[in-house]
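The ATP binding site annotation in Swiss-Prot covers 332, 333, 334, 335, 336, 337, 338, 339. According to Swiss-Prot, the feature domain 'Smr' maps to 713-788, an assignment based on sequence analysis.
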């Protein structure tokens, strides 16, 4: 990629903006060296990393870059074996912490979206939490070592504190004793030693060592002789403290040296992540999207914006190239935005090929080019005595030497600066040569000959920048398929040039040229009208979609209200059923209690009648609930092997027998075999009948009719194996039937059958608890089971 083109397209300004989003000097240096990558694979990977970082910013917020530093100098010194300063060690620990936290930041649950490229980068992080912890534990600030850094340092500092207290007590006493000889009744410190400010005329009155003199010479700072030994002890402790601090720093630095590979790797990854997230922050700030990348020369920029133009003023442009045509000729008046269009296309390509998201709409397409050549602006060189034309031509010669089918070439005012006829002919020749090589070209021009060239040459298309003649201002919108016109006569007329001069000028233009310009104007007007109609249609569609979404949300809300009401009603019905069944079980217990107490069978009969009425009422409620949940007609006939829906438990079952004369059939639900009536069977249609399986499981034991399951089972006369099978089957039916308590009659006999049944009940999934019958229930001849 030519450095000159990169400079002309102002990619360096994008780099400077990008640096503002970094946290470290190292990341800024990465950006300084940023250039388009050498392969389409690299471009896609670096765009993907930017896209992933962009998503993470949205979903997880700011990355953990707090307190991250450029530690290259510290790493260099540690690698050489030097002892690092506390601040350098702290910064290294901060970078290690950042690397460790980043692994946590990028971690995601299985069901969440993964971040392939960033996860691959973070896999290289060593994570050195022990070193990180030791440094943070030992160092509290840039120049402050913590007491807890070592037990030796702690003891030294404690002794130092005690000595300082002793010296201060002693010197305060001396201040009071020598107060008449002192400049002020205070003590001070000179060279880490406690001294008194003695008036120079009384220096003989305070025996001691002179350490300093005031600037006026009126005061001598004297260390009293009685403090010399104490001050010496303090000085010794301070030297020991310094030596211990140096030892601690040396040990920590040695640990960095021993793990230098991990430290360097973690630091480099953190700086790379700093760079990647700077790209993502830039994309967020400039409303960028990730384009689709191809290497086939196909370009489709949708509403691209030049990132260096004020976002409140920039006009988006849409540019296509590479499919229907490979060359685009942009014509129109000066200051109309032609050059901005060239720079926008070129800069967006440089950004994308450097792994940056682009300021354009979603679904934009960018092609990977080996080279982007740009001849834009006035490159006149006074030093080299080159004219504008010569300067441009020198640049064009370089382009012609290197451009091929993998090149994007941008020409601004190709052929300008010389005789119009020769310039136009030369421009057409250059364009045609590059087109035949397969290069993709966008060129701006004033020449009508180039408009005609685009009209007659296959693979070349005209375009123009729209100009509002009413306001004499360009709109900066790009119109592909329509050649531009200079609008010189219209502009001159509106600026006040007399009509007779304009008319005379028109007479000097051939009728053919006039008709051509009128045709262009007509095409422009139609194109503008078509675009306005398209924008209006798009706005109407968006408005319609917005209204549709609003009504769909309202409908969904109403549906939720209806569903919630239905759920509440069903829940209430089930609560009634549950309470009523509990009441039925209570009645059964009352009956047994009355029997034990010796009440007449008449009382039992009345209670049984009450229980029967209650059961009938429950059955009615259950049947209504089943009908609301499972609409549809009952099956008239079934055969063995049919898969049907048993409505009472809302579950698919397999028919095992034909209906008997009462309509009862044997069906299998999972591992259980159940007798059901054909009226309770429905046609099974895929998953349509599986209405909320989680709720079904909870309601199974409530939805089976009580009248189908007896409250007791008699095992007398059965052997152990037959009894176990019978009880297991019975408990399944009792559980599904919603019975709270049942009685198993096994008789007293030898007790073998009772023991077998008791052992079985201990681990049965439907049994909450069990006990032997009480007096009046059958005693030890029965077992009473409470169902879960």
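Note that Cβ sites are derived from N, Cα and C of the backbone, with glycine treated the same way.
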Within 10 Å of the Cβ of residue 337 (ATP binding site), how many other Cβ atoms can you find? Include all protein chains, please.
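Result for residue 337 (ATP binding site): 23 neighbouring Cβ atoms inside 10 Å.
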State the three-class DSSP label for residue 332 (ATP binding site), counting H, G and I as helix, E and B as strand, and everything else as coil.
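Coil, per DSSP.
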How do the residues of the domain 'Smr' (713-788) split into helix, strand and coil according to DSSP?
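The breakdown for the domain 'Smr' (713-788) reads 32 helix, 19 strand, 25 coil.
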I'd like to know the mean pLDDT over the domain 'Smr' (713-788).
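The predicted confidence over the domain 'Smr' (713-788), as a mean pLDDT, is 85.
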What are the sequence-distant neighbours of residue 339 (ATP binding site), meaning same chain, six or more residues apart, C-beta distance under 8 angstroms?
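When sequence neighbours closer than 6 are ignored, residue 339 (ATP binding site) has 376, 377, 412, 444 within Cβ distance under 8 Å.
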According to DSSP, folded down to helix, strand and coil, what is residue 337 (ATP binding site)?
coil
Taking the Cβ of residue 338 (ATP binding site) as the centre, how many other Cβ atoms fall within a 10 Å radius?
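Step by step: centre on the Cβ of residue 338 (ATP binding site), count other Cβ atoms within 10 Å, giving 27.
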